[in-house]
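> Found this in TrEMBL, in case it helps:
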SIGNAL    1-25  signal peptide
TRANSMEM  68-99  transmembrane segment
TRANSMEM  194-217  transmembrane segment
TRANSMEM  229-251  transmembrane segment
TRANSMEM  257-278  transmembrane segment
TRANSMEM  285-302  transmembrane segment
TRANSMEM  314-342  transmembrane segment
TRANSMEM  354-379  transmembrane segment
TRANSMEM  385-407  transmembrane segment
Amino acid sequence: MAAPLTLLIIVAVTIRAVLFRSSLAELISERVEVVSPLNAWKRVVEGLALLDLGVSPYAGDVFHETPLIIYFFHFVIDYAEIVFMIADALTAVALYLAVKDYNKTVFRKQKYALEAERYPLDCVELIRTPKEMYYIPLKVAMFYLLNPFTILSCVAKSTCGLNNAVIALFILCTVKGSALMSAIFLALATYQSIYPLTLFAPALLFLLQRLYIPVNWQRSSFWLFTTQYAFMYLGSLCVMVCLSFFLLSSWDFLSSVYGFILSVPDLTPNIGLFWYFFAEMFEHFRLFFICVFQINVFFYTIPLSVKLKEHPVFLIFMQIAIISIFKSYPTVGDIALYMAFLPAWNHLYRFLRNIFLVSVVLLACSALFPVLWHLWIYAGSANSNFYYAITLLFNVAQILLVSDYFYAYLRREHHLTHGLYLKRKDGSEATLVLK
């Protein structure tokens, strides 16, 4: 499998290298769907210029990346294009290895369940075979590297690609069972954008499951490991924040980075839900609705963790998707990360209800984004309502996609427990309803 993956990476890097040298690179870097005020490359360059002049990059209202990012690019600015291509390749390899290891775990559990005769006899067709699982890791890497959203994000030199690499490494370390490295990469992801904080719960559940520690509030082993993992995570996060302070000799970055993410002061149009709503908002209602919108990302963590506590990897997928939809400054690069996981759930396709409709809507919206932007900004024959309408439809389609996979996953698990062909008490065929 190493040869196909290597060939895939070579093809992906070649595509990116060609686009970097084309006239499209500058156009792509200006697209509001691809870059945001948080991760735009022009803002990073501006921050580097201020740093070289001895001025704090957070003195103005231009740069909103973290201090470690700006100091990282301070040394590799001349090789920025190579850095972003390496980041994409690293993300793909990490996802490939993580899914490969996860599939081994799934197959092992399935084998034990079959030996123990836990599955009903009519569920044979739901059992996953090694043959159908063999190419899934390669498909996951392909879905990430050749996704147009990923390619556009890389060519625009959006720092979203670096965030995706960190999250992919966190997933790999978690699946491999390395609690320390998992906590460090999760802390780094949280340091970058706050929202990955919600990935703490699924990572903890997976590591507990791997160590055969039951999720029982009365067990001392549960609390001991939870405390250890939380200490490693918070300790790593504190080290990164303190290192940022020592680099800048100032706490200005806290309000410029995290305050900016949470308060959403820049209402530049993007593919998210915030900008239009708060552009029309009366100022005295702003704080209340900021809290309402921001809580969406964190609100679903507890109920989903309760429902999917036996399936933490699928929970990670759900949380990444929720972050991509509800964060304050989303870009297409965020969407590409969770979409890369779709081949890992190919066994759910038979239970999906709206996959064709959702796929068509997502493709149509992706094509209409630049059209409606041109009509609004350049032609003057449309207004912001047109662009926000397509943004709203795009996010509704994402929500339908994620909820459809959630339904399909739960339905398959129900069939594996109660049988594929459900019957009522009177012997008639029953219909499964998700409530």
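Easy rule for this one: first residue shown is 1, then count along the chain.
Note that Cβ sites are derived from N, Cα and C of the backbone, with glycine treated the same way.
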> For the transmembrane segment (314-342) and the transmembrane segment (229-251), decide whether they are in contact, meaning at least 3 CB pairs lie under 8 A, counting pairs 6 or more apart in sequence.
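Since fewer than 3 Cβ pairs under 8 Å link them, the transmembrane segment (314-342) and the transmembrane segment (229-251) do not come into contact.
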> Considering only Cβ pairs within less than 8 angstroms, which of the stretches 68-99, 194-217, 229-251, 257-278, 354-379 has the most against the transmembrane segment (385-407)?
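Maximum Cβ contact count belongs to 354-379.
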> Which sequence-distant residues neighbour the transmembrane segment (285-302)? Criterion: at least 6 residues beyond either end, Cβ under 8 Å.
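Here the qualifying positions are 195, 197-198, 201, 262-264, 273-274, 277-278, 318-319, 322-323, 326-328.
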